């Protein structure tokens, strides 16, 4: 994801100034920078905790588990072709001590389970006993606990599992994520009772109710054990499959959702991050792709001499042809960049940036691409009527998949890729952020197949995108950030909330937040979504009322708000681009129209384990909000942002 350390940003065109003016500005800038360095350190640290850049470490963890299982020396018939152990039998069996880990023996072959002949709801049991046991999660600052991977960590204030965070986790994040899968995937349900085998590696570090080993689980097709312990910087959550049924279908999984990443109830990024990780535990993984035969390697992709992982199964190919509008598709690329945590278990972000199973965080739509991969594994039946729509790559044709994104300095796909470094805000394609195009000039020439500009050392800033230039999200431009902590610069023309989305336009705010960069091509507006009629209204900066926004219509900003200069406007995007998966936007509409009584949210999950097979039970403890603590956190951030605004002003005059 990151540019090589030798890369330097290639600046776009700027106004010419006199030498004296430059010296004055430089002196002012040096003074401000001297003041701001300490504040920026605190600001960047706070941003990392509040809006971390998602890094997926799935494959790295999966390989660690596979290596651990292989080292146990289990009989071949007790290990699946995926390399994971089978669940224990549903009847009593002796136990063997293997390498310090108890495994329930299944006999001479994998334990069979009886399945329904019909397809039915995917029943997921959630066990979260760790969240009520202070020995397994951060209960006090300075406490030392296992991170469930390979180390012990010291708990900080951000790591504490407060009552509010527990409420968000158990009553919103997990139920919403589970429902995303249950609405779209069916299984041939397991009949009767089955038992979990005692586990090794990081799977064995999760707290499992003893009855899951002895009595077993019923009415359950998959059991998920939940932890909340600190993890590596930039990781929102991680999950994996631990055990499988006799047909290699995932049966047991684990997920860790660190308390430090739980901040807001309707956080779109976190809901989809949890959904993404649960998908890995359900089998969206290189290990399953390879061992079921749907994953392959090809060479020569867009001139790339290296082998590239792909899926070439029939349903995936058919759905890709529909999405991209290309009948020549014979495979869909998986990620070949990003290292061992990302390669092979995600769609290639160049081709599917906004998909649920792309390798970095984003809007993460659950599209027919991911559904078809699940279906072609053979374990699931997909409900394509509930597939979400992704604008990225939609009907762009074969050239997008086979050709270059930019040719002779000109983008071939302007809705996705750009070609000029710029100093203006516009909407990121996912509409959750403001951003700008970044073009980088490296100190070396890029390979021929990655050269898009007449200068061979120039390209985009990320290897994930094959160095295609794209709209990079601004670190201060999240539409869903708290308004109270937003910088003065972006606060001058945006509205922020969990329902806010970015809308394209051309306008100049009357207030510039201390900077002289005044013209913009996008703004964050609150969105209220009428899910019944597929219509929406928006609230722009400077106007407390919501106004209808008809897709394709242009709104003159000076007619609806006094905050903008005359002549500015915005253009209403399609309904799906601002309302699909916008849970808070739908709730805000219901609240405004007093029609919320009929709405239903997924049931909460109980923070304790049982073998009943139900993923919905009693609610978690009621949260208690600490307003004073929140104010204390905001105050230093606000000061840092104020100093940052001064630095921006000094640099932009």
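Even glycines carry a Cβ here, placed using N, Cα and C.
The feature active site is assigned by Swiss-Prot to 277. In the structure as shown, the Cβ atom of residue 277 (active site) sits within 10 Å of 27 other Cβ atoms. DSSP assigns residue 277 (active site) to a helical segment in the three-state reduction.
If you draw a 10 Å sphere around the CB of residue 276 (Zn(2+) binding site), it holds 29 other CB atoms from the protein chains shown. If you look up Swiss-Prot, you'll see 276, 280, 346 marked as Zn(2+) binding site.
Note: residue 383 (N-linked glycosylation site) has non-local neighbours 183, 184, 185, 186, 371, i.e. same-chain residues 6+ apart with C-beta under 8 A of its own C-beta. Swiss-Prot lists 383 (among others) with the feature N-linked glycosylation site, giving sequence analysis as the kind of evidence.
Counting only residues at least six positions away in the same chain, the Cβ atoms of 419, 452, 453, 454 sit under 8 Å from the Cβ of residue 409 (N-linked glycosylation site). Residues annotated as N-linked glycosylation site in Swiss-Prot, with sequence analysis given as evidence: 409 (among others).
Sequence-distant contacts of residue 569 (N-linked glycosylation site), defined by Cβ-Cβ distance under 8 angstroms and a gap of at least six in the same chain, are 505, 506, 507, 554, 555, 556, 557. Marked as N-linked glycosylation site by Swiss-Prot: 569 (among others).
What Swiss-Prot records for 590-631 is region 'Disordered'.
Here Swiss-Prot flags 1-44 as signal peptide, drawing on sequence analysis.
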The one of 280, 346 whose CB sees the fewest other CB atoms within 10 Å, among these binding-site residues: 280
CB-centroid shell, 8 A cutoff, Zn(2+) site 276, 280, 346, site residues removed: 56, 58, 277, 279, 284, 345, 356, 357, 359
DSSP-derived class (H/G/I helix, E/B strand, else coil) of residue 569 (N-linked glycosylation site): strand
